[in-house]
Amino acid sequence: MNPLALMVFLISLAIGATTTMLSHHWLLAWIGLEINTLALLPIMMKTPHPRAIEAATKYFLTQATASALMLFSCLINALQTGEWNINNPHNLMTTPLSLAIMMKLGLAPLHFWLPEVLQGTPLSTGLILSTWQKIPPMILLLQISPNINLSLTIIMGLTSILIGGWGGIGQTQLRKIMAFSSIGHLGWIILILKLNPQLSLFSFILYIIMTTPMFLSLIMLSTTKMSQISISWTKNPAMMTTTMLILLSLAGLPPLTGFQPKLLIILELIKQNMIISATLTMLTSLLALFFYLRLTYIVTLTLSPSTHNSTTTWRTSMKPQLPSAITSIMALTLLPLTPAILLM
(Lines of atoms letter the chains of each structure in order from A and count residues from 1; the text may use other names and numbers.)
(Lines give C-alpha, C1' and ligand atoms only; values in the text may rest on other atoms or scores of the structure.)
Protein backbone atom coordinates (compact mmCIF):
# COMPACT_ATOMS: atom_id res chain seq x y z
CA MET A 1 0.00 0.00 0.00
CA ASN A 2 1.11 3.54 -0.75
CA PRO A 3 2.69 4.97 2.48
CA LEU A 4 0.80 8.25 2.03
CA ALA A 5 -2.54 6.43 1.73
CA LEU A 6 -1.69 4.27 4.75
CA MET A 7 -0.86 7.39 6.78
CA VAL A 8 -4.20 8.98 5.79
CA PHE A 9 -6.11 5.86 6.88
CA LEU A 10 -4.23 5.62 10.20
CA ILE A 11 -4.88 9.32 10.91
CA SER A 12 -8.57 8.73 10.10
CA LEU A 13 -8.58 5.82 12.59
CA ALA A 14 -7.17 8.12 15.25
CA ILE A 15 -9.63 10.93 14.44
CA GLY A 16 -12.64 8.57 14.46
CA ALA A 17 -11.74 7.02 17.81
CA THR A 18 -10.92 10.40 19.38
CA THR A 19 -14.22 11.89 18.14
CA THR A 20 -16.19 9.07 19.76
CA MET A 21 -14.24 9.18 23.02
CA LEU A 22 -14.58 12.94 23.46
CA SER A 23 -18.21 13.36 22.38
CA HIS A 24 -21.23 13.79 24.66
CA HIS A 25 -23.61 13.73 21.67
CA TRP A 26 -24.93 10.45 20.27
CA LEU A 27 -24.72 11.62 16.64
CA LEU A 28 -21.07 12.69 16.98
CA ALA A 29 -20.22 9.37 18.66
CA TRP A 30 -21.92 7.49 15.82
CA ILE A 31 -20.02 9.53 13.19
CA GLY A 32 -16.73 8.75 14.96
CA LEU A 33 -17.49 5.02 14.90
CA GLU A 34 -18.32 5.21 11.18
CA ILE A 35 -15.06 7.02 10.38
CA ASN A 36 -13.24 4.31 12.34
CA THR A 37 -14.92 1.49 10.43
CA LEU A 38 -14.44 3.02 6.98
CA ALA A 39 -10.78 3.86 7.69
CA LEU A 40 -9.99 0.26 8.67
CA LEU A 41 -11.53 -1.37 5.56
CA PRO A 42 -8.75 -0.32 3.10
CA ILE A 43 -6.10 -1.37 5.67
CA MET A 44 -7.74 -4.82 5.86
CA MET A 45 -7.68 -5.12 2.07
CA LYS A 46 -4.10 -3.88 1.56
CA THR A 47 -3.17 -7.47 0.66
CA PRO A 48 -5.27 -8.24 -2.45
CA HIS A 49 -6.33 -11.72 -1.43
CA PRO A 50 -9.82 -13.30 -1.53
CA ARG A 51 -9.67 -14.04 2.22
CA ALA A 52 -8.82 -10.42 3.02
CA ILE A 53 -11.67 -9.16 0.84
CA GLU A 54 -14.06 -11.67 2.45
CA ALA A 55 -12.94 -10.59 5.94
CA ALA A 56 -13.40 -6.90 5.04
CA THR A 57 -16.89 -7.63 3.64
CA LYS A 58 -17.93 -9.51 6.81
CA TYR A 59 -16.53 -6.73 8.98
CA PHE A 60 -18.34 -4.05 6.99
CA LEU A 61 -21.70 -5.85 7.05
CA THR A 62 -21.50 -6.54 10.81
CA GLN A 63 -20.43 -3.01 11.70
CA ALA A 64 -23.08 -1.54 9.38
CA THR A 65 -25.78 -3.62 11.08
CA ALA A 66 -24.61 -2.55 14.53
CA SER A 67 -24.39 1.10 13.40
CA ALA A 68 -27.93 0.99 11.96
CA LEU A 69 -29.30 -0.42 15.23
CA MET A 70 -27.34 2.16 17.21
CA LEU A 71 -28.56 5.08 15.06
CA PHE A 72 -32.17 3.84 15.28
CA SER A 73 -31.91 3.59 19.07
CA CYS A 74 -30.37 7.08 19.26
CA LEU A 75 -33.20 8.55 17.17
CA ILE A 76 -35.89 6.92 19.34
CA ASN A 77 -34.00 8.05 22.43
CA ALA A 78 -33.93 11.66 21.12
CA LEU A 79 -37.65 11.40 20.36
CA GLN A 80 -38.43 10.19 23.90
CA THR A 81 -36.13 12.48 25.89
CA GLY A 82 -35.77 15.48 23.57
CA GLU A 83 -31.96 15.44 23.85
CA TRP A 84 -28.92 13.67 22.38
CA ASN A 85 -26.88 13.49 25.59
CA ILE A 86 -24.97 10.19 25.91
CA ASN A 87 -25.05 10.15 29.72
CA ASN A 88 -28.85 10.17 29.92
CA PRO A 89 -30.36 7.49 27.63
CA HIS A 90 -34.04 6.57 27.93
CA ASN A 91 -34.57 3.29 29.82
CA LEU A 92 -36.45 1.83 26.84
CA MET A 93 -33.46 2.36 24.51
CA THR A 94 -30.60 1.34 26.81
CA THR A 95 -30.81 -2.36 25.91
CA PRO A 96 -30.80 -2.01 22.06
CA LEU A 97 -28.01 0.58 22.36
CA SER A 98 -26.00 -1.79 24.56
CA LEU A 99 -26.55 -4.69 22.15
CA ALA A 100 -25.42 -2.59 19.17
CA ILE A 101 -22.22 -1.54 20.96
CA MET A 102 -21.60 -5.12 22.15
CA MET A 103 -21.96 -6.33 18.55
CA LYS A 104 -19.23 -3.85 17.57
CA LEU A 105 -17.04 -5.24 20.37
CA GLY A 106 -17.64 -8.85 19.32
CA LEU A 107 -19.21 -10.14 22.54
CA ALA A 108 -20.95 -13.52 22.50
CA PRO A 109 -23.51 -14.40 21.19
CA LEU A 110 -22.84 -11.56 18.69
CA HIS A 111 -19.26 -12.73 18.17
CA PHE A 112 -19.43 -14.85 15.00
CA TRP A 113 -17.78 -12.26 12.79
CA LEU A 114 -14.67 -11.71 14.94
CA PRO A 115 -12.74 -15.02 14.50
CA GLU A 116 -13.43 -15.09 10.75
CA VAL A 117 -12.40 -11.46 10.24
CA LEU A 118 -9.21 -11.81 12.28
CA GLN A 119 -8.31 -15.01 10.42
CA GLY A 120 -8.58 -13.27 7.04
CA THR A 121 -6.42 -10.24 7.89
CA PRO A 122 -2.65 -9.79 8.46
CA LEU A 123 -1.34 -9.82 12.02
CA SER A 124 -0.74 -6.06 12.03
CA THR A 125 -4.38 -5.41 11.11
CA GLY A 126 -5.43 -8.01 13.69
CA LEU A 127 -3.56 -6.01 16.33
CA ILE A 128 -5.50 -2.84 15.42
CA LEU A 129 -8.78 -4.79 15.36
CA SER A 130 -8.16 -6.40 18.76
CA THR A 131 -7.00 -3.27 20.59
CA TRP A 132 -7.58 0.17 19.04
CA GLN A 133 -10.94 -0.64 17.41
CA LYS A 134 -12.38 -1.80 20.75
CA ILE A 135 -11.58 1.44 22.60
CA PRO A 136 -14.45 3.69 21.26
CA PRO A 137 -17.28 1.15 21.85
CA MET A 138 -15.94 0.38 25.32
CA ILE A 139 -15.85 4.09 26.23
CA LEU A 140 -19.50 4.41 25.09
CA LEU A 141 -20.48 1.40 27.22
CA LEU A 142 -18.71 2.92 30.23
CA GLN A 143 -20.62 6.18 29.70
CA ILE A 144 -24.03 4.46 29.72
CA SER A 145 -23.04 1.90 32.40
CA PRO A 146 -25.22 3.47 35.19
CA ASN A 147 -28.34 2.83 33.08
CA ILE A 148 -27.36 -0.53 31.60
CA ASN A 149 -29.35 -3.68 32.43
CA LEU A 150 -27.49 -5.78 35.04
CA SER A 151 -28.99 -9.08 33.82
CA LEU A 152 -27.86 -8.30 30.26
CA THR A 153 -24.25 -7.66 31.32
CA ILE A 154 -24.09 -10.83 33.44
CA ILE A 155 -25.60 -13.03 30.69
CA MET A 156 -23.37 -11.54 27.96
CA GLY A 157 -20.31 -11.72 30.22
CA LEU A 158 -20.77 -15.36 31.22
CA THR A 159 -21.64 -16.37 27.63
CA SER A 160 -18.55 -14.60 26.29
CA ILE A 161 -16.24 -16.27 28.85
CA LEU A 162 -17.76 -19.67 27.97
CA ILE A 163 -17.58 -19.16 24.18
CA GLY A 164 -14.10 -17.61 24.43
CA GLY A 165 -12.79 -20.73 26.17
CA TRP A 166 -14.82 -23.32 24.28
CA GLY A 167 -14.13 -21.89 20.84
CA GLY A 168 -10.38 -21.63 21.36
CA ILE A 169 -9.84 -25.25 22.44
CA GLY A 170 -9.88 -26.87 19.00
CA GLN A 171 -8.12 -24.12 17.06
CA THR A 172 -4.75 -24.44 15.37
CA GLN A 173 -4.71 -20.94 13.81
CA LEU A 174 -3.14 -18.38 16.15
CA ARG A 175 -5.27 -15.48 14.91
CA LYS A 176 -8.49 -17.39 15.70
CA ILE A 177 -7.08 -18.28 19.13
CA MET A 178 -6.40 -14.59 19.77
CA ALA A 179 -9.96 -13.77 18.61
CA PHE A 180 -11.50 -16.19 21.12
CA SER A 181 -9.08 -14.90 23.76
CA SER A 182 -10.39 -11.40 23.06
CA ILE A 183 -14.00 -12.57 23.41
CA GLY A 184 -13.21 -14.24 26.76
CA HIS A 185 -11.39 -11.22 28.19
CA LEU A 186 -14.16 -8.84 27.12
CA GLY A 187 -16.61 -11.15 28.88
CA TRP A 188 -14.75 -10.59 32.17
CA ILE A 189 -14.79 -6.82 31.56
CA ILE A 190 -18.53 -6.65 30.71
CA LEU A 191 -19.46 -8.86 33.68
CA ILE A 192 -18.44 -6.14 36.13
CA LEU A 193 -19.45 -3.13 34.00
CA LYS A 194 -22.62 -2.20 35.91
CA LEU A 195 -21.22 -2.93 39.37
CA ASN A 196 -17.83 -1.21 39.07
CA PRO A 197 -17.14 0.78 35.86
CA GLN A 198 -13.69 1.87 37.11
CA LEU A 199 -12.63 -1.77 37.51
CA SER A 200 -14.00 -2.49 34.01
CA LEU A 201 -11.89 0.32 32.56
CA PHE A 202 -8.80 -0.88 34.45
CA SER A 203 -9.32 -4.47 33.23
CA PHE A 204 -9.76 -3.20 29.66
CA ILE A 205 -6.47 -1.29 29.84
CA LEU A 206 -4.71 -4.42 31.10
CA TYR A 207 -6.33 -6.46 28.30
CA ILE A 208 -4.79 -4.06 25.74
CA ILE A 209 -1.42 -4.16 27.54
CA MET A 210 -1.40 -7.99 27.39
CA THR A 211 -2.79 -8.43 23.87
CA THR A 212 -0.43 -5.93 22.20
CA PRO A 213 2.89 -7.73 23.01
CA MET A 214 1.35 -11.06 22.01
CA PHE A 215 0.51 -9.76 18.52
CA LEU A 216 3.87 -7.97 18.26
CA SER A 217 5.67 -11.23 19.11
CA LEU A 218 3.71 -13.10 16.43
CA ILE A 219 4.49 -10.32 13.91
CA MET A 220 8.23 -10.49 14.67
CA LEU A 221 8.24 -14.28 14.44
CA SER A 222 6.01 -14.22 11.31
CA THR A 223 3.89 -17.09 12.64
CA THR A 224 0.17 -17.60 12.13
CA LYS A 225 -0.20 -21.34 12.89
CA MET A 226 0.66 -23.66 15.77
CA SER A 227 2.85 -25.74 13.46
CA GLN A 228 4.95 -22.64 12.74
CA ILE A 229 5.25 -21.43 16.33
CA SER A 230 6.26 -24.91 17.51
CA ILE A 231 9.51 -24.66 15.49
CA SER A 232 10.24 -21.02 16.33
CA TRP A 233 12.36 -21.74 19.41
CA THR A 234 15.55 -22.06 17.34
CA LYS A 235 14.83 -18.74 15.62
CA ASN A 236 14.66 -16.62 18.74
CA PRO A 237 14.77 -18.37 22.16
CA ALA A 238 14.45 -15.11 24.16
CA MET A 239 11.36 -14.04 22.20
CA MET A 240 9.75 -17.46 22.64
CA THR A 241 10.37 -17.37 26.40
CA THR A 242 8.69 -13.97 26.59
CA THR A 243 5.80 -15.24 24.42
CA MET A 244 5.30 -18.17 26.80
CA LEU A 245 5.11 -15.82 29.79
CA ILE A 246 2.68 -13.50 27.97
CA LEU A 247 0.44 -16.50 27.22
CA LEU A 248 0.48 -17.45 30.91
CA SER A 249 -0.35 -13.83 31.76
CA LEU A 250 -3.31 -13.92 29.34
CA ALA A 251 -4.40 -17.14 31.07
CA GLY A 252 -4.49 -15.22 34.37
CA LEU A 253 -1.86 -17.13 36.33
CA PRO A 254 -0.03 -15.47 39.25
CA PRO A 255 2.43 -13.77 39.67
CA LEU A 256 1.84 -12.21 36.23
CA THR A 257 -0.22 -9.14 35.29
CA GLY A 258 -3.18 -11.15 33.95
CA PHE A 259 -3.98 -12.47 37.43
CA GLN A 260 -4.74 -8.94 38.66
CA PRO A 261 -8.03 -8.16 36.82
CA LYS A 262 -9.40 -11.67 37.42
CA LEU A 263 -8.67 -11.44 41.16
CA LEU A 264 -10.25 -7.98 41.48
CA ILE A 265 -13.34 -8.96 39.44
CA ILE A 266 -13.95 -12.11 41.51
CA LEU A 267 -13.50 -10.07 44.72
CA GLU A 268 -16.04 -7.51 43.46
CA LEU A 269 -18.58 -10.22 42.57
CA ILE A 270 -18.21 -11.78 46.02
CA LYS A 271 -18.53 -8.33 47.63
CA GLN A 272 -21.85 -7.90 45.76
CA ASN A 273 -23.05 -11.32 47.09
CA MET A 274 -23.04 -12.77 43.55
CA ILE A 275 -21.47 -16.05 44.64
CA ILE A 276 -23.08 -18.14 41.87
CA SER A 277 -21.87 -15.76 39.15
CA ALA A 278 -18.35 -15.77 40.62
CA THR A 279 -18.32 -19.59 40.73
CA LEU A 280 -19.60 -19.93 37.14
CA THR A 281 -17.04 -17.37 35.97
CA MET A 282 -14.15 -19.28 37.53
CA LEU A 283 -15.37 -22.64 36.23
CA THR A 284 -15.88 -21.44 32.65
CA SER A 285 -12.48 -19.67 32.65
CA LEU A 286 -10.86 -23.12 33.09
CA LEU A 287 -11.68 -23.80 29.42
CA ALA A 288 -9.58 -20.81 28.36
CA LEU A 289 -6.83 -21.83 30.77
CA PHE A 290 -6.63 -25.21 29.02
CA PHE A 291 -5.96 -23.82 25.55
CA TYR A 292 -3.47 -21.23 26.87
CA LEU A 293 -1.53 -23.99 28.63
CA ARG A 294 -1.74 -26.14 25.50
CA LEU A 295 -0.30 -23.32 23.41
CA THR A 296 2.39 -22.66 26.05
CA TYR A 297 3.37 -26.34 25.91
CA ILE A 298 3.62 -26.25 22.12
CA VAL A 299 5.63 -23.00 22.19
CA THR A 300 8.34 -24.04 24.65
CA LEU A 301 8.20 -27.71 25.58
CA THR A 302 8.16 -29.23 22.09
CA LEU A 303 11.19 -28.96 19.85
CA SER A 304 11.11 -29.95 16.19
CA PRO A 305 13.36 -32.94 15.33
CA SER A 306 14.34 -31.31 12.03
CA THR A 307 17.02 -29.05 13.53
CA HIS A 308 19.82 -28.14 11.15
CA ASN A 309 23.47 -29.07 11.64
CA SER A 310 24.85 -25.58 11.12
CA THR A 311 26.58 -23.98 14.11
CA THR A 312 25.43 -20.52 12.98
CA THR A 313 22.30 -19.44 14.80
CA TRP A 314 19.56 -18.43 12.37
CA ARG A 315 17.63 -15.36 13.48
CA THR A 316 14.58 -13.58 12.19
CA SER A 317 15.13 -10.30 10.39
CA MET A 318 15.63 -7.38 12.75
CA LYS A 319 12.38 -5.50 13.30
CA PRO A 320 11.60 -2.67 15.73
CA GLN A 321 11.62 -4.40 19.13
CA LEU A 322 11.28 -1.50 21.58
CA PRO A 323 7.41 -1.43 21.58
CA SER A 324 7.35 -5.19 22.08
CA ALA A 325 9.89 -4.99 24.92
CA ILE A 326 8.03 -2.23 26.78
CA THR A 327 4.58 -3.83 26.46
CA SER A 328 5.98 -7.27 27.36
CA ILE A 329 7.47 -5.93 30.59
CA MET A 330 4.13 -4.31 31.45
CA ALA A 331 2.23 -7.50 30.57
CA LEU A 332 4.36 -9.48 33.04
CA THR A 333 5.18 -7.24 36.00
CA LEU A 334 2.18 -5.10 37.02
CA LEU A 335 0.74 -7.48 39.64
CA PRO A 336 2.47 -5.72 42.62
CA LEU A 337 0.29 -2.67 41.90
CA THR A 338 -2.83 -4.55 43.10
CA PRO A 339 -2.79 -3.23 46.73
CA ALA A 340 -2.49 0.36 45.45
CA ILE A 341 -5.48 -0.18 43.12
CA LEU A 342 -7.55 -1.69 45.95
CA LEU A 343 -6.92 1.46 48.00
CA MET A 344 -8.11 3.77 45.19
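Easy rule for this one: first residue shown is 1, then count along the chain.
Glycine too: its Cβ is placed from the backbone N, Cα and C atoms.
Listed in TrEMBL for this protein:
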DOMAIN    23-287  domain 'NADH:quinone oxidoreductase/Mrp antiporter transmembrane'
DOMAIN    289-342  domain 'NADH dehydrogenase subunit 2 C-terminal'
TRANSMEM  26-47  transmembrane segment
TRANSMEM  59-80  transmembrane segment
TRANSMEM  92-114  transmembrane segment
TRANSMEM  150-170  transmembrane segment
TRANSMEM  201-221  transmembrane segment
TRANSMEM  233-254  transmembrane segment
TRANSMEM  274-293  transmembrane segment
TRANSMEM  325-343  transmembrane segment
Discussion item. Looking only at the recorded stretches 59-80, 92-114, 150-170, 233-254, which one has the largest tally of CB-CB distances under 8 Å to the transmembrane segment (274-293)?
Written reply: 150-170
Item to complete: Grab the same-chain neighbours of the transmembrane segment (325-343) for me: Cβ-Cβ under 8 Å, and only residues 6 or more beyond its ends, written as numbers and ranges.
Response: 202, 206, 209-210, 212-214, 216-217, 242, 245-246, 249, 254-260, 263-264
Item to complete: Please indicate, using numbers and ranges, the residues of the same chain that are 6 or more beyond the transmembrane segment (201-221) and have a C-beta under 8 Å from a C-beta there.
Response: 123-124, 126-127, 130-131, 134-135, 138, 142, 174, 178, 181-182, 185-186, 188-189, 192, 228-229, 232, 235-236, 239-240, 242-243, 246-247, 249-250, 257-258, 260-261, 264-265, 316, 319, 321, 323-324, 327-328, 330-331, 334, 341
Item to complete: Compute the average pLDDT of the predicted model within the domain 'NADH dehydrogenase subunit 2 C-terminal' (289-342).
Response: 73
